[in-house]
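Visitor: Handing you this structure, nothing more for now.
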């Protein structure tokens, strides 16, 4: 009675596909590859951003640390400059240049000093108060004076004031002590010699004051003015001079020594010449920890090297090291003989300390200076505390 339902046939081409069939089908490989690639790019971008941020922070931190190191080293160098006491043992008075004739005592200036004797400690106290009207030995019409004080006949035990720049009327205000028994003091002569410091050549002697201690009443303190007298010429063996530069980079902890040249070296060979070379030692606590050496220059007393040597010296060790340069004469058959040495460092004195201080006050810049060679057995500075 009722009509039969139609029998299902094959789907028509226009019939949309069944969505349930698609959901159960396999994912195409290209889709998987795209998903993996996009995910990788996202992870890489996140990691790269984190890396750049961390690097920027570390860069700022290291830059700030570098600035701290530079400032600390500069301040350390300036503090050393104030403590410089020139080494003048090898120096001798030199004639004045044009327009600097100072032979007469009234042209040399005068010095004020004080004397007192401490009977409890057995010490002679010598005060260098001031000087005025000193001779102008520099081209600019001024001088860089300092005073060396010692008791003859012992010249090794001496004291020196710091250098006062560009003045003919320096105020020193420094006191030095000599431990001498009172019974021996009458046979001593106090010498107070005024020098004009010159960084690039030999220092000039302006004049000196000699006080025989037998003529002084030490029962009470003495304060006196004395006219400077011309200093006697000191004859001594010349060993020569050496020029080298120092450069320190605090952020890298790198010390560079460039041996430039030497001149007027002592004649060591029979023919009147030498075969010089230079040894460079890094000392710590008075002990040699590193060494370098230049090439040998044959048959010359004025060798030119221009050779650089580097040492690793961290910032916290720069006050504890010294650099020692030794000029030697090479001998093919016998032992190499030392001509002379120079020491620079925080524990050195005079020109050696000044050169070191100038290097620290100017980090990253090479500072060149001439030094007079000293006898090999008398140059090494004491171990740093």
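Don't overthink the numbers, they just go from 1 along the chain as shown.
Using N, Cα and C of the backbone, Cβ positions are placed for all residues, glycine too.
In TrEMBL, annotation is done automatically, which means it is predicted and not curated.
Keep in mind the model is a prediction, meaning the values are calculated, not measured.
According to TrEMBL, the record shows the following:
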COMPBIAS  1-16  compositional bias 'Pro residues'
REGION    1-23  region 'Disordered'
TRANSMEM  30-51  transmembrane segment
DOMAIN    107-226  domain 'C2'
DOMAIN    238-371  domain 'C2'
Visitor: As a quick check of your reading of DSSP, tell me how many residues in the domain 'C2' (238-371) are helical, how many are strand and how many are coil.
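Guide: Split by secondary structure, the domain 'C2' (238-371) comes out as 15 helix, 67 strand, 52 coil.
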Visitor: On average, what pLDDT score does this prediction assign to the domain 'C2' (107-226)?
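Guide: Per the prediction, mean pLDDT sits at 88 for the domain 'C2' (107-226).
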Visitor: Where DSSP helix means H, G or I and strand means E or B, what are the helix, strand and coil counts for the domain 'C2' (107-226)?
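Guide: Going through the domain 'C2' (107-226) residue by residue, I get 8 helix, 65 strand, 47 coil.
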